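K.L.:
Next up is a structure, given as structure tokens.
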């Protein structure tokens with residue numbers, strides 16, 4: 001079966017061009033302005049006039065809660081939410097129960113992801129057994145079982161010796177190591193960033209050095225080992241400065257920023273609405289501005305959502321006791337397009353690189369991130385011209401925990417295609 005996506009503004013090879021895309025048998029057959037030579041009488045047509053046609057977005061940081069907490073999210077609901085947001089490839093973090101920390105457990109997750117996922121789900125292995133021990137996993141074994149990278153996300157690796165051995169092992173087999181950077185000895189019970197706002201609200205604050213101290217340590221270890229070291233959800237200007245310096249000096253480091261750290265600061269916290277509670281916590285306005293600048297200067301390589309659904313019960317508690325995290329898959333592109341591209345802070349081409357091309361290339365997801373003849377037809381179509389209101393009733397995720405509910409944005413997903421199959425389509429009014 002053939003599908004012709006016609007008259008769209010197509011992002012391809014770094015350029016936005018008015019052209020058509022022909023999909024046949026799950027792959028991209030042709031891209032161009034006149035594709036009639038490829039057509040017969042049996043094809044479907046999608047008129048993408050006034051719409052953006054993009055490579056399917058890539059999010060290397062999601063939490064699908066299955067197995068262990070399926071009341072919060074499942075592979076099916078999480079991947080449906082990803083498709084709703086225009087994502088066709090995601091990276092599933094290993095903070096599930098049981099933790100995928102052996103080749104057998106990783107293989108089980110890979111098979112389950114393939115069975116239940118509406119999008120391509122790349123699976124992380126843990127770095128250490130149970131994500132909290134000092135025993136480094138069998139890196140060669142988990143890679144052979146299908147892990148695309150390793151991470152203990154949700155916890156930082158506390159012992160420098162453990163991290164050094166993990167980096168050596170990951171480097172030996174060519175696995176990226178993605179780090180949740182948090183020195184737990186510096187938390188001091190903080191539930192938000194320490195500063196004027198935490199003192200005003202009377203909430204316990206944790207200093208920003210919680211993050212930057214571990215970034216500094218890990219960059220030294222990454223330089224010593226040569227591993228591909230990836231910093232998850234970077235959030236402070238000091239961390240950015242060190243990452244920028246490390247890149248200039250040959251360290252193989254990449255990093256991601258989240259939409260919420262790019263768009264919100266600790267000034268948004270009122271002490272009651274726990275939708276503003278996440279980890280890393282919202283930072284100072286100077287950090288937020290530094291993150292936005294780092295999107296343009298290349299310090300930040302990609303945007304990842306850290307999609308973290310929770311039940312209303314877990315998020316409805318007192319701010320100090322509520323769970324960390326917000327949902328992100330379904331709103332990320334629209335929020336960033338509205339708040340960064342439409343305001344002139346970021347070019348659309350750069351946003352698409354940050355959300356599709358760059359993460360795919362950094363993590364060697366070779367079939368993702370590009371529209372290319374002969375490659376899988378993983379495609380997202382967005383409406384950049386008509387505003388809509390973010391409404392939790394529209395979410396396909398089980399989690400509705402978002403501080404962005406009620407915001408008017410542009411960039412609604414019209415259609416998402418995975419391997420040539422439509423996995424999400426906007427309902428027309």
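Note that Cβ sites are derived from N, Cα and C of the backbone, with glycine treated the same way.
Annotation comment: Swiss-Prot describes 306 as active site. Among the features that Swiss-Prot reports, Zn(2+) 1 binding site is placed at 61, 63, 153, 306, with the record citing sequence analysis. Sequence annotations record features per position, and here Swiss-Prot assigns substrate binding site to 63, 64, 65, 95, 279, 310. For 153, 180, 233, the entry in Swiss-Prot reads Zn(2+) 2 binding site.
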K.L.:
Which whole-number value in Å describes the distance between the Cα atoms of residue 310 (substrate binding site) and residue 153 (Zn(2+) 1 binding site)?
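P.N.:
Just about 16 Å between their Cα atoms.
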K.L.:
Using only C-alpha positions, which one of 153, 180, 233, 306 is spatially nearest residue 64 (substrate binding site)? These are the recorded positions in the record.
P.N.:
306
K.L.:
Give the distance between the Cα atoms of residue 61 (Zn(2+) 1 binding site) and residue 306 (active site), rounded to the nearest whole Å.
P.N.:
5
K.L.:
Rounded to the nearest angstrom, how far is the Cα of residue 95 (substrate binding site) from the Cα of residue 63 (Zn(2+) 1 binding site)?
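P.N.:
Their Cα atoms are separated by 8 Å.
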K.L.:
Could you state the CA-to-CA distance between residue 95 (substrate binding site) and residue 153 (Zn(2+) 1 binding site) to the nearest Å?
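P.N.:
Counting only the Cα atoms, the answer is 7 Å.
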K.L.:
Looking at the binding-site residues 65, 233, which sits with the largest number of other Cβ atoms within 10 Å of its Cβ?
P.N.:
65
K.L.:
I'm trying to understand the geometry here, so how far is the Cα atom of residue 180 (Zn(2+) 2 binding site) from the Cα atom of residue 279 (substrate binding site), in Å to the nearest whole number?
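P.N.:
Cα-Cα distance, residue 180 (Zn(2+) 2 binding site) to residue 279 (substrate binding site): 10 Å.
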K.L.:
Relative to the mean position of the Cβ atoms of 153, 180, 233, the recorded Zn(2+) 2 site, which additional same-chain residues have Cβ within 8 Å?
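P.N.:
After dropping the recorded site residues, what remains is 61, 93, 151, 154, 178, 179, 181, 182, 232, 306.
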